[in-house]
Amino acid sequence: MKDSIPNLAQNKPRVNLNIGKYGLLVALLVLCTALTIITPKFLTLPNIMIILTQVTINALLAFGVTFVIITGGIDLSVGSVVAVTSVVTATFARADNYPLVVPLALGLLVGLAFGSLNGLAITKGKVPAFIVTLGTMTIGRGLALILSKGRPISNLSDSFNYIGSGNLLGIPLPILILIVVFIICTLLLRKTIMGRYVYAVGGNEQAARASGINVNQVKLFVYTLGGGLAALAGIILTSRISTGQPNVGIGFELSAIAAAIIGGTSTSGGVGTITGTLLGALLIGVISNSLDLLNVSSYYQQVVMGLIIIGAVLLDSLNKNKRN
Amino acid sequence: MSQKQNYILEVQNLSKNFSGVKALDQVQLKIREGEVHALMGENGAGKSTLMKILAGMLTPDSGEIVFEGTPLHSHRDLKILSAGIAMIHQEMLLVPELTVAQNIFLGKEIRRGKTWWLDDRSLNQKATELLAQVGIALDARTLMKNLSVAEMQMVEIVKAISKNAKIIIMDEPTSAISDKEVKSLFNIIADLKARGVAIIYISHKMDEIFQIADTITVLRDGKYIQTKPAAELNQDSLISLMVGRELDTMFPEHTEAKGNVLLSVQGLGRQGKFSDINFEVSAGEVLGIAGLMGAGRTEIARAIYGLDAIDTGNIFIRGQKATIKSPQDAIKNRIGYVSEDRKAVGLVLGMSVKENITLASIKKHKRGLFVDDASERTAVANMIEALRIKTPHPDQPVKNLSGGNQQKVVIAKVLLSSPEIIILDEPTRGIDVGAKFEIYKLVKDLAAQGMAVIMISSELPEILGMSDRILIMAEGKQTAILRKTEATQEIIMQYAMPQ
């Protein structure tokens, strides 16, 4: 019996045959291969960069949403947070009035404030997340319009514009930011105590509470993180289009939720990975890019996107049923 | 009654694997018309798997099933089973917001002729008839959510009868109902037998088995062991068939070595749940809490552990007044709580054995910003060995473990949070004899190590065998605290009965 202890501690063939995750990777590769054959425009460096830059915004939002959904919650406000951030950041990023740090800090602060507001209303106020974030989604949109008086804010400083358009060693900055955030979020979720708690709260909130986990603190954390990541996405987007736009980000929350769900995050909580979400966001990005390349109208694109969301979840649940 | 030799159900050589693990290995089971057939075995023996196959919820890998003379071969044939066999689940499958009648006829609603309109009047009428037939005094129009657990179970049984089920499977039907209700359940079972309905009865309570079973089939480790008339067995011989060895004494040797008072409560009360509770527990002592369902025992435990708020009274830890508003506070005060409901409160079923075991103590395994994987795994491996948790691997999802092993995982989790006062709420509910014995031994060991143990249990032999002192509750009030030597089952019951 004694001899088996080191064995138990060392062997760790993680029995984590996440079919959904690999299935997604395979689907993505198949799709890319097919597109390369169909249209020569697909596999070109500029096009790849376009896809990745577009994916960046959605992926950042989706990472935050993934944390929230794993705890069993939902966040509908991220699209509006992008808009408020965009307006606030642009207001302070005009014509070199303030050092670059000011618009960035204020933008992030707005996002964190929205996120913690969501978190507080959900934990202290015991209002369902769907309702709270539906409310803050509307509030955010309204604030963005009020602060900007409904007009886009342009004429932003060059240093600010560099964030969205500059590059390092030939790689656009937004993509680098995405990679860094991806690594941080993955480590956070998989390797830290907070990450463990996020899964526990979503898996069984009562058991988490009985184990001495401060459930409210965990929830507050994920919504605040979601708000912060939405602000980051808002800053990058504002910089890329060189304008503060109160109307930006409409429907972004849905694409973000879609990426998380396609990536295997379960809406009933307790299940999900950042890698899966990234793959989900990439799949959405590649599909919408390919529909562009193939000159499919954007109206049809929405229908296709909806079908893919349902299809992904359907496949996953069929898989699960088979395994049971 | 055993003259009826015709079997309604014959199962031969049935096997079922779950990802390489043999849950059932060449099992057989023969059920006669109108008999109560007890299916016995430790947890993990394969009872649940077998029952799920019979109820049509799982498909076997191989084997023969003959139901009412018809051999069932294909997947489609097995549908016949779910039509003829009804299962009364441990977890009730009823809709709380619908009435008794609506639940009974759920999925077979009565319509007005061929239209899509519901015929509520005949629905209620038919339900009332069925209830009367079985002798259950319930209004068919009561909402399900207003019923007691026992009443819900009765509704499940009526539902099974309404389906014309030939066999009704009852899985631990008495685990959550009072003695009086058990009596009426047994009357209903007798009535069902008289109509030729066979009952497959699963329970860990030995006295019940010998009270009502005609035939007993024993499984062990997924294998068929034996089928015998109940009259040819007694408790000892049955237990040794189940565990494959002799259990000399159920309750471990008692050692009384009392230390300082670790926990005392004074005038503890919670609106509508319990009031004026006073007791103390010392290091090395086991305080049993006895009482009927709903007497407020679990509520006291939850309040001490900070899961529910208290309205009046004080909690003292080692003589110091303590404020416990959350489980975090309780853990800080070195209190541990093993809930009666391990699936809802004890475990995160989707997480691994390892993650569950360290859930309450993961902060002790920190290296910089991250979880220290090596130290976490060592702690988990030690617990798995110390409590003899049977799991193929620490990364196994905890939901794949048997009830007894799941319970050990919960206990391991609580122990790793280093409690000095541990509250065990129905620690042996729904677990098998062998695991029960291990848990008794563990509880005694914990007390011997100087912990103050509070054990809530509905099983009187367990309370008597384990406790140094026994607190008895009735209707939210404490009616007595007895020393072990003063207590018998009868005395406890007298204090536990509502006045």
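Here the Cβ of each residue, glycine as well, is placed from N, Cα and C on the backbone.
TrEMBL does not curate its annotations; it predicts them automatically.
Quick look at what TrEMBL annotates:
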- A:20-38: transmembrane segment (TRANSMEM)
- A:50-70: transmembrane segment (TRANSMEM)
- A:76-93: transmembrane segment (TRANSMEM)
- A:100-121: transmembrane segment (TRANSMEM)
- A:127-147: transmembrane segment (TRANSMEM)
- A:168-189: transmembrane segment (TRANSMEM)
- A:220-242: transmembrane segment (TRANSMEM)
- A:254-287: transmembrane segment (TRANSMEM)
- A:299-318: transmembrane segment (TRANSMEM)
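Within the same chain, the transmembrane segment (A:20-38) packs against the transmembrane segment (A:254-287): three or more Cβ pairs sit under 8 Å, each pair at least 6 residues apart. Sequence-distant neighbours of the transmembrane segment (A:127-147) (same chain, 6+ residues past either end, Cβ-Cβ under 8 Å): 68, 73-77, 79-81, 83-84, 86-88, 91, 114, 117-118, 121, 246-247, 250, 253. By the Cβ criterion (distance under 8 Å, sequence gap of 6 or more), the transmembrane segment (A:76-93) is counted as touching the transmembrane segment (A:220-242), at least 3 such pairs being found. No contact links the transmembrane segment (A:254-287) to the transmembrane segment (A:220-242), because fewer than 3 Cβ pairs that are 6 or more residues apart lie under 8 A. Listed stretches A:100-121, A:168-189, A:220-242, A:299-318 were compared with the transmembrane segment (A:50-70); the greatest number of C-beta pairs under 8 angstroms is found for A:220-242. Same-chain residues lying 6+ beyond the ends of the transmembrane segment (A:100-121) with a Cβ under 8 Å from its Cβ atoms: 64, 75, 77, 80-81, 84-85, 88-93, 127, 129, 132-133, 135-136, 140, 157, 159-160, 219-232, 234-235, 238.
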